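Chemist: Below is a structure I'd like to ask you about.
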């Protein structure tokens, strides 16, 4: 039986998970691939710490180039993260004719073009299933199972940490800061969890998804993102009263000549299948022009789920090595070059429904002044909740609008925030209804 | 650009859907595959009816062998269904060295071994993504994305018609017969919908899933199945009171040396993600030893979703034809032969929790006699609902048990049904709790 040699660079959480699967499921993997997958070498700066898996000492090295330059190694798995060393290692491995697997979403989202092109030029396979939604085989679904479709719309819960935080805020009515402290304590979030809660991580993943769908590297910088740090239990409660859940969503809509792409807290109807994706789970909902609505759900992080994605890439590459082919398809799954750049629609052109919460003085005529400014900006009100209960001494006025344009909304909010009857800045949450 | 010729045998619902995708998404498909996919010929006994798509008249023939024997056709798509002609066409196409795609779940489940072996011997690719769960790329997920995992458990809503019926019975409290009449009228169900509602269709699909997971054709005949025709709105209501939903589930549990496999109405906790899969949607929930819990959700039938699966298979095969390879992996996705037959555990060995509804005379001592018989058969009661309200003149006594063995349960039910205080046969629904 043939033997495929793998080198792992970076032996942290995902690296040790990957090693554990290859060790524990050796027989299944051999049966399915028809080859033995062997970890020949592991590079990490720290080769002393115990990662909870048993590894022969002589597998370790501190020098990544020992792997990259080893002619016997077929596949390099890059798991150190970050933008500098990781990129250098990946490009060197590609130049040495090695197939590369990476979970590095930041690198692919921000500097992917160089890596995709290098892999294509050198005729090696680039696997990055683990870079989006951890164990959920979503890249594979786009490259294969859904590939006949023009994806019209996608909405994803792509960051488990922020979903965990929102779930607890929703179910227990706790404020953001309290849940974050807990999440850090329990190991669900880093301290501070900046990239998770500010939308960066989800936007990285969304960039990769758009690139696969369109066959061209998308521009991470063009994707609007907004975090969950300003959400309050009150807003979540009002959303519930309107029949919605608040989720941190990454959203794409295919507009034909351009793509709407954005990451922000979003209200979705509480019986939407995404509304019931809770805790640290991830999910991606698609609408394809033929397949219709579909959803992929699972764990988006963690050593075992992410390791599962890495090993699935190893197995797919091993099958191709066995057949002597140089990749069934290029990294972005488009054999023909479309040639056209993907244009991401500027955020101010967005049209959607909005939730507003105004903090108002309890005095006559306030609602009329708010409604007046909204009306002047072509924003039409769908429903209003006004309750006696005060929040921080002010009366909350909460409303849902009909579809309005983001630029009008931003202008209206600037005008509203200048009103002397409003005591603090207006809270805004975008709403995604069923079409 | 190279050209891949396809022949479609059977131009009904799925055939015309397939043709429509290839026509409408030609550019996307060409970009993604790097080849032109051309439908060279379509065979159907009826070449006159309008299927809602525009087809050049000279593409049609009534003779399937015109396609099977055409040396220019690379891929044969079999969509006529049934066990005899379909099998003959598929085997002939394989012998002629053609790659074959089929949506024929009955054929693969009942006589798959012959077809899998023929494809492997002749070095052709067999695509059957459309045979399970329509547009949901679940076969692909098992062959690729989840392939590093030992699947410990799977639960699937694999039949859209029965899910539609149960959804309406649950949401509207309607009896089975009324909903079925509606479903037939609306075109959601065939008249009569026997194979959909008696579990046969779901068991066919489950057989294929087990075969892919294990690499050996599983025995359809060994899979226990029970339909939804005896379910009443009362049982669904009582299930709700206990915190459950009733779903028609296909269930697999990997027991190491054998597999538990069964299809029957099942109570699952109402906050389980499968409990919220409604209408005609399908979904498959997996627990992998590394990926953990995951779910795939979408439309399991219909011309467009099923066509999407067929075309994804065409595209995958086209990519392989371009590279001159004879298939990345064998039909059942196992390159190494395990050699071991899959043993399906006999149903009487099943251990699970049960729901019972007894129809009892309103007289003293009844509960004690029921409880006595259950106790003698090692069935322990977890909770009981007894209400004054009569159903057909009898008092319903409803209970949930702790885990019990199926053989004990069947024995107890036989004894109970002989009691003179029970006025009709006991209703039984199996319960799947979270582990």
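Cβ atoms are placed via backbone N, Cα and C, with glycine included.
No curator has checked TrEMBL annotations; they are predicted automatically.
Features from TrEMBL:
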ACT_SITE  B:205  active site, proton donor
BINDING   B:9, B:10, B:11, B:12, B:13, B:14, B:15, B:16  NADP(+) binding site
BINDING   B:105  NADPH binding site
DOMAIN    B:355-430  domain 'ACT'
Chemist: Please tell me which one of the binding-site residues listed here (B:12, B:13, B:14, B:16, B:105) sits closest to residue B:205 (active site, proton donor), measuring Cα to Cα?
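Modeler: Going through B:12, B:13, B:14, B:16, B:105 one by one, the Cα closest to that of residue B:205 (active site, proton donor) is B:105.
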Chemist: Minimum Cβ neighbour count within 10 Å among the binding-site residues B:13, B:16: which residue?
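Modeler: Candidates: the binding-site residues B:13, B:16. Fewest Cβ atoms within 10 Å: B:13.
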Chemist: Work out the three-state DSSP category of residue B:9 (NADP(+) binding site).
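Modeler: Where residue B:9 (NADP(+) binding site) sits, the three-state DSSP reduction gives strand.
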Chemist: Per DSSP, residue B:105 (NADPH binding site) is which: helix, strand or coil?
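Modeler: DSSP assigns residue B:105 (NADPH binding site) to helix.
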Chemist: Cα distance, the residue listed as 'NADPH binding site' to residue B:13 (NADP(+) binding site), nearest Å?
Modeler: 16
Chemist: Rounded to a whole angstrom, what is the C-alpha distance between residue B:11 (NADP(+) binding site) and residue B:105 (NADPH binding site)?
Modeler: 17
Chemist: Determine the minimum-neighbour residue: among B:10, B:12, listed as binding-site residues, which Cβ has the fewest other Cβ atoms within 10 angstroms?
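Modeler: Output over binding-site residues B:10, B:12: least Cβ neighbours within 10 Å is B:12.
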Chemist: Could you count the residues of the domain 'ACT' (B:355-430) that DSSP puts in helix, in strand and in coil?
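Modeler: Helix, strand and coil residues of the domain 'ACT' (B:355-430) number 23 helix, 32 strand, 21 coil.
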Chemist: Over all shown protein chains, what is the count of other CB atoms within 10 A of the CB belonging to residue B:14 (NADP(+) binding site)?
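Modeler: For residue B:14 (NADP(+) binding site), the count of other Cβ atoms within 10 Å is 25.
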Chemist: Where residue B:14 (NADP(+) binding site) and the residue listed as 'NADPH binding site' are concerned, what is their Cα separation in Å, rounded?
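Modeler: Cα-Cα distance, residue B:14 (NADP(+) binding site) to the residue listed as 'NADPH binding site': 14 Å.
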Chemist: To the nearest Å, how far is the Cα of residue B:16 (NADP(+) binding site) from the Cα of residue B:105 (NADPH binding site)?
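Modeler: For residue B:16 (NADP(+) binding site) versus residue B:105 (NADPH binding site), the Cα atoms are 19 Å apart.
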Chemist: Just counting, how many other CB atoms are there within 10 A of the CB of residue B:9 (NADP(+) binding site)?
Modeler: 27
Chemist: Using the Cβ centroid of B:9, B:10, B:11, B:12, B:13, B:14, B:15, B:16 as the reference point for the NADP(+) site, which residues of the same chain not in that list have Cβ within 8 Å?
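Modeler: The surrounding set, listed in chain order, is B:8, B:17, B:18, B:44, B:51, B:79, B:80.
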Chemist: Quick one: Cα separation, residue B:105 (NADPH binding site) versus residue B:9 (NADP(+) binding site), in Å?
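Modeler: Residue B:105 (NADPH binding site) to residue B:9 (NADP(+) binding site), Cα-Cα distance: 16 Å.
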Chemist: Restricting to the same chain and to sequence separations of six or more, state which residues have a Cβ under 8 Å from that of residue B:15 (NADP(+) binding site).
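Modeler: Spatial neighbours, sequence-distant, of residue B:15 (NADP(+) binding site): B:8, B:42, B:44, B:51, B:77, B:79.
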